[in-house]
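Below: one structure, written as structure tokens.
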Amino acid sequence: MFRKAAVPTFSNGSYLQGQANGKLSSMDSGQPAQEQKVVLKKKVTLLRGISIIIGTIIGAGIFISPKGILKNTGSVGMSLTVWTVCGILSLFGALCYAELGTCIKKSGGHYTYILEAFGPLPAFVRVWVELLIIRPAATAVISLAFGRYILEPFFMQCEIPELAIKLITAVGITLVMVLNSTSVSWSARIQMFLTFCKLVAILIIIVPGVIQLIKGETQHFKNAFAGNDASVMGLPLAFYSGMYAYSGWFYLNFVTEEVENPEKNIPLAICISMIIVTVGYVLTNVAYFTTISPGELLLSKAVAVTFAERLMGNFSLAVPVFVALSCFGSMNGGIFAVSRMFFVASREGHLPEILSMIHVRKHTPLPAVIVLHPLTMIMLFNGDLYSLLNFLSFARWLFIGLVVAGLIYLRYKRPDMPRPFKVPLFIPALFSFTCLFMVALSLYSDPVNTGIGFAITLTGIPAYYLFIVWDNKPKWFRKLLGDFFQTQALSIALLVAMSRN
């Protein structure tokens, strides 16, 4: 059942250190009872933090269809400029989150920072939409790409059956959730391996591209800014595509409480990751243009495959495997991070109590991980995924902009808050303006779908008052909630316990 919402605490975000002191006696009856803390352990090192960020940013898009920017800019030179500028803007947003992550040492990312700055209602609305629609739909979409490309080598001469794609996708989703439920260390190790595979795949494209440049294959860079002029509407859409390609830089902030030495490692991991991704994205696009003309790139269904076929012959068969591994890494990193948002929201009383419990032996937030499984399966087999994502695409930038605006607000509201890492004020101001611009762009370019998404988001307001604020619920309603969640029975079945007294 839902607990009464906790009053947000402002003790430098030290929720875990100050309150997460739940203890459980040893369950081995053959040994004396021992007390051990049931908490999420600090197992995210600097290298693991970098792998989380890079592994969730780099998905299938850069290998398959990086043409949204070119289509809306009209020239090679302008498209490369937009890729670079979007990387810098994303770095600015990441630096803002680095400041928030070092002064508010709680996991939860967007949810936690909105809660600290603006209170429980907008924070609840954020996690409500994330849990019910955004995260299951987004997980299903990236997982479908995994299912399709893992089967690609087996169906080279024919179409892949849709049912086969969905069944393999379901297996992949289940595997990722079992992995994240079993071990933080193994999840992080696999994420590091998959991130390494992604970087190798990008290097496989960049190195031949550099060789092509050395050979003088620069015909597509002559008059690089010539071509179709970018329209007034096209250029903003190009930036929208670019910012979406870089999204994922905020995921390390979802697991702040598990990061070793967060004051140092969060800013370092963010800066290193964003530099690697930005340089990698720009050089990958440069490599494509050494071999593929802009017109051919726009017509290609899988740009990396086309590039590999022309330069590497049969090695192009390896591209679907790398894409599948890339998607699996995005699935793993996303679930690892977002489950911590649900864990923290439950701890604050905004989600059912069971979601704030931790496995007593594995020290993983088991319920917060597996809660996504049934919702994602429903989306996978029954939902109109892309429509849902279109409805709610604006919500991501709305809440990220709200978080960064909250950073500015906290500078004035709480000037004495310890800030081990501090960014110049123009950076959050510019980035929050960028986010609001993208929200306005969504309203202008697709008012119907954006309006529907806005209406779905607003359902969080009555839900907040119904489940959280309303104290005098009828007995039948309280019994209904109790019967539905069965917290005690579930905690025994899952072998989980509260992370605090």
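Glycine is no exception: its Cβ is also placed from the backbone N, Cα and C atoms.
All annotation found in TrEMBL is predicted automatically rather than curated by experts.
Straight from TrEMBL, the features:
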type	residues	note
TRANSMEM	46-64	transmembrane segment
TRANSMEM	76-98	transmembrane segment
TRANSMEM	132-151	transmembrane segment
TRANSMEM	163-180	transmembrane segment
TRANSMEM	192-214	transmembrane segment
TRANSMEM	234-254	transmembrane segment
TRANSMEM	266-289	transmembrane segment
TRANSMEM	317-343	transmembrane segment
TRANSMEM	364-382	transmembrane segment
TRANSMEM	394-412	transmembrane segment
TRANSMEM	424-444	transmembrane segment
TRANSMEM	450-468	transmembrane segment
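Between the transmembrane segment (234-254) and the transmembrane segment (266-289), three or more CB pairs separated by 6 or more residues in sequence fall under 8 Å, so the two stretches touch. Most Cβ pairs under 8 Å to the transmembrane segment (394-412), among the stretches 46-64, 132-151, 163-180, 364-382, 424-444, belong to 424-444.
Counting Cβ pairs closer than 8 Å and at least 6 residues apart in sequence, the transmembrane segment (192-214) and the transmembrane segment (424-444) reach fewer than three and form no contact. Relative to the transmembrane segment (76-98), the listed stretch 266-289 leads the set 132-151, 163-180, 266-289, 317-343, 424-444 in CB pairs under 8 A. Counting only same-chain residues 6+ beyond the ends of the transmembrane segment (46-64), those with a CB under 8 A from a CB of the stretch are 142, 145, 149, 188, 191-192, 194-195, 198-199, 201-202, 205, 245-249, 251-252, 255, 259-260, 264-266, 268-270, 272-274, 276-277, 280-281, 284, 301-304, 319, 322-323, 326-327, 329-330, 332-334, 336-337. Scored by C-beta pairs under 8 angstroms, the transmembrane segment (364-382) has its highest count with 132-151, from the stretches 132-151, 163-180, 266-289, 317-343, 424-444. Of the two recorded stretches, the transmembrane segment (163-180) lies close to the transmembrane segment (317-343), with three or more CB pairs under 8 Å once pairs fewer than 6 apart in sequence are set aside.
A Cβ distance under 8 Å defines the sequence-distant neighbours of the transmembrane segment (266-289), meaning residues of its chain 6+ beyond its ends; these are 46, 49-50, 52-54, 57-58, 62, 66, 76, 79-80, 83-84, 87-88, 90-91, 94-95, 97-98, 101-102, 199, 202, 205-206, 208-210, 212-213, 220-221, 245-246, 249, 252-253, 256, 259, 297, 303, 307, 421. Cβ atoms under 8 Å from those of the transmembrane segment (317-343) belong to residues 40, 51-52, 55-56, 58-60, 63-64, 107-112, 127, 130-131, 135, 138-139, 142-143, 145-146, 149-150, 152-153, 156, 172-173, 176-177, 179-180, 187-188, 190-191, 194-195, 197-198, 200-201, 204, 248, 251-252, 254-255, 257-258, 302, 304-305, 308, 351, 355-356, 365, 368-369, 371-372 of the same chain, restricted to positions at least 6 beyond its ends.
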